[in-house]
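Peer 1: Taken from Swiss-Prot, the feature active site, proton donor covers TYR237, and the record attributes it to sequence analysis. The NAD(+) binding site annotation in Swiss-Prot covers 49-54, 75-76, 112-113, 141-142, LYS246, 272-274. Look at Swiss-Prot and you will find TYR227 tagged as substrate binding site. The feature site 'Plays an important role in discriminating NADH against NADPH' is assigned by Swiss-Prot to GLU76.
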Amino acid sequence: MAIIHPKVRGFICTTTHPKGCELNVRDQIEATRKLGVREDGPKKVLVIGASSGYGLAARITAAFGFKADTLGVFFEKPGTETKAGTAGWYNAAAFDKFAKAEGLYSKSINGDAFSDEARAKVIELIKNEMGGQVDLVIYSLASPVRKLPQTGEVIRSALKPIGQPYKSTAIDTNKDTIIEASIEPATEQEIADTVTVMGGQDWELWIDALNAAGVLAPQARTVAFSYIGSDITWPIYWHGALGKAKQDLDETAQRLAGKVGGSANVAVLKSVVTQASSAIPVMPLYLSMVFKIMQEKGVHEGTQDQLDRMFRDRMYRADGSPAELDEKGRLRLDDWELRDDVQGACKALWPQVTTENLFELTDYAGYKKQFLNLFGFERADVNYDEDVATEVKFDCVEL
């Protein structure tokens with residue numbers, strides 16, 4: 001038991017609130033339920049990277065929107081009797097509790113999703129507990145490091161531009177001030193390493209392993225998540241080291257299309273507040289602006305809204321028609337964010353933002369609240385001065 005308040009260092013909140021995290025998951029489930037349950041979608045789903053952000057949202061949509069049995073893989077720190085674990089641990093525990101209450105199969109694996117050991121365990125569980133095959137594989141890993149399964153070598157990714165230093169207005173999120181951020185360009189080695197960590201190699205290793213074991217259903221589909229953004233963030237993102245990794249993901253999808261019976265696609269999603277996006281310089285300012293503009297235009301979506309739309313309006317359409325894809329074969333869920341009127345308003349606003357008018361011109365207050373929400377804080381229905389149980393156990397295999 002402990003009384004837990006937020007402690008923020010840089011772009012990480014080092015504390016988490018178990019009750020707040022559970023209520024976050026409950027809210028996401030309720031949002032999905034409101035759209036009604038469909039019987040004509042995925043039935044057995046594997047989510048790699050299932051404990052937060054878009055991966056968690058995909059798992060919720062599959063289970064509570066389509067009654068699917070789900071197996072989730074993630075790397076989180078469990079809470080102990082005296083110390084809170086990571087937010088993802090409590091998210092996964094809450095998902096498991098609600099799914100089981102609904103009579104759905106739910107199992108989780110806590111371990112390194114880049115490892116062969118994780119793949120072997122997943123295959124064993126699919127064979128023994130899920131009827132032998134899965135019909136959807138969601139790949140949603142966002143990690144700064146990857147340990148290569150063959151050699152044990154640890155590779156690190158770099159959030160850097162390519163070619164020249166990147167200078168831009170940004171928010172110092174510790175001081176709530178506008179600063180000029182400058183980031184030196186990535187070396188060739190850093191670019192290659194970023195592709196190794198964040199590109200499609202591991203996604204392909206997963207599909208190859210599942211294929212070899214015969215645990216993919218004849219019409220199995222697989223989707224990996226990506227972000228492209230607009231030219232505001234391109235220097236650090238799409239034209240940076242991370243963009244090279246995401247282009248590798250696109251090429252991987254083309255190859256995987258020949259390896260699965262259904263389809264293999266990259267889904268390009270909108271920018272949302274996640275632990276992953278907070279780490280990208282310039283993103284907090286861009287997010288604060290784009291949220292305000294999209295809310296004003298009535299097209300704002302959260303993480304769960306995006307995945308609900310991806311499943312219902314793209315992948316599993318009620319009329320059975322195939323999803324439209326862009327010229328690279330991608331599912332585009334960033335269509336509303338990239339509308340000319342939205343991006344035009346962002347570009348007009350960008351040079352006007354100062355420390356003095358930051359809270360007035362943008363939804364930075366909303367950004368900060370959503371950031372703390374990720375860790376279970378800033379909820380009106382939680383008393384943060386009360387003791388909360390930090391040790392939460394659930395149906396999870398520890399690797």
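Keep in mind that glycine also has a Cβ here, set from the backbone N, Cα and C atoms.
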Peer 1: Looking only at C-alpha atoms, tell me how far VAL273 (NAD(+) binding site) is from TYR227 (substrate binding site), rounded to the nearest Å.
Peer 2: 13
Peer 1: About how far apart, in whole Å, are the alpha carbons (Cα) of LEU141 (NAD(+) binding site) and GLU76 (site 'Plays an important role in discriminating NADH against NADPH')?
Peer 2: 12
Peer 1: Tell me which of the recorded positions GLY53, GLU76 sits in the most Cβ-dense spot, judged by other Cβ atoms within 10 Å.
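Peer 2: When each Cβ's neighbours within 10 Å are tallied, GLY53 leads.
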Peer 1: Taking the Cβ of GLY49 (NAD(+) binding site) as the centre, count every other Cβ atom within 10 Å, in any protein chain shown.
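Peer 2: For GLY49 (NAD(+) binding site), the 10 Å Cβ neighbour count is 26.
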Peer 1: Between PHE75, TYR227, TYR237, which of the recorded positions has its C-beta surrounded by the fewest other C-beta atoms within 10 Å?
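Peer 2: With the recorded positions PHE75, TYR227, TYR237, fewest surrounding Cβ atoms within 10 Å: PHE75.
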Peer 1: Using Cα-Cα distances with a 10 Å cut-off, which of the recorded positions GLY49, SER51, GLY53, TYR237, LYS246 are near the residue listed as 'substrate binding site'?
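Peer 2: Cα within 10 Å of the residue listed as 'substrate binding site': TYR237, LYS246.
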